[in-house]
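Asks: Please read through the structure below; I'll follow up with questions.
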């Protein structure tokens, strides 16, 4: 007789426990659907880039409302969407091993300008176009690279540090390289670059990390949508830049499209495999490839517009806006579906390279001279 009431009580408790689970089931299903839709939209990033580019070429006036103010706000939203995926620990881990950042800086301002010059000469472009190719190679990394790194399962904190380093470096490296390769002094607004970096990169990242720390439930709810927000922001920014120079892009033809495409493609390939040969892991190598490939082409176009008399100098940067976004987004989506395997190269090689104090070596070398 005692067993029957006991069984009834157990069944009642089990039934009561199942009710909240059943009530939460629709919520779970809705969240899964929301996550799947966000993922599907993100996976079509290259397609959206092509569609928005085509739209801007066909109807440049459609994006005329995206003035400089909105352009800056769009970049800030893009960086905020990346900031909520990060924590201070991510940057602390990267800061202990700065050699990846230094390698990217060397590729950005060492290899890429030479690559731009070589491709321009190889394709027989006229001198003004060659100058534009060198300028594309001599500018800093673009902010959209952080989004592509996130989609590619790379190291976002490292990507942000690389972008920041090359952006600050543009203050002195871009004028120096233009003078060295082209004999032209291109003045760069140092204060403007620092302020823009704080507004567009650092402030949104810090705000995003603060939200991640203080409101984790809110962040976990909106995090699946962050890549979509980034994709939309990037596509609008690309369309706005393309719309301003639609005519020269259409007039450029394949003679310019191919070398501009190659500067981004070759940069990415070299960045990836050089990282692997030096013993860096897969996530760092993916980050290096994207950061090397993707340049701030809109900044290059602005410099060409302000400081180069020949209109043809602007055209490579205008074409680069499209190929930079298309190459970066294609790499990102391809890697999104590839497993991040452990490094195949000797770990000791990587550790030896990462422990090299590059700054001390440079100081000793300069001291000897």
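First residue shown is number 1, and so on along the chain.
Quick reminder: no glycine exception, Cβ is built from N, Cα and C everywhere.
Sharing the feature lines straight out of TrEMBL:
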TRANSMEM  40-58  transmembrane segment
TRANSMEM  70-88  transmembrane segment
TRANSMEM  100-119  transmembrane segment
TRANSMEM  125-142  transmembrane segment
TRANSMEM  154-173  transmembrane segment
TRANSMEM  193-213  transmembrane segment
TRANSMEM  225-246  transmembrane segment
TRANSMEM  252-275  transmembrane segment
Asks: Pairs of Cβ atoms less than 8 Å apart decide it: which stretch in 40-58, 70-88, 193-213, 225-246 has the most with the transmembrane segment (154-173)?
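Replies: Most Cβ pairs under 8 Å with the transmembrane segment (154-173) come from 193-213.
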Asks: Count the CB pairs under 8 A between the transmembrane segment (225-246) and each of 70-88, 100-119, 125-142, 193-213, 252-275, then give me the winner.
Replies: 70-88
Asks: With the transmembrane segment (125-142) as the reference, find which of 70-88, 100-119, 193-213, 252-275 contributes the most Cβ pairs under 8 Å.
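Replies: Of the candidates 70-88, 100-119, 193-213, 252-275, 100-119 scores highest.
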Asks: Is it true that the transmembrane segment (70-88) and the transmembrane segment (193-213) have 3 or more CB pairs under 8 Å, sequence gap of 6 or more?
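Replies: Counting Cβ pairs under 8 Å, at least 3, so yes.
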Asks: Checking distant contacts: for the transmembrane segment (100-119), what same-chain residues at least six beyond its ends satisfy Cβ-Cβ under 8 A?
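Replies: For the transmembrane segment (100-119), the list is 94, 130, 133-138, 140-141, 158, 161-162, 165-166, 169, 173, 177, 181, 259, 262-263, 266-267, 270-271, 274-275, 278, 280, 284, 287-288, 291-292, 295, 354, 358.
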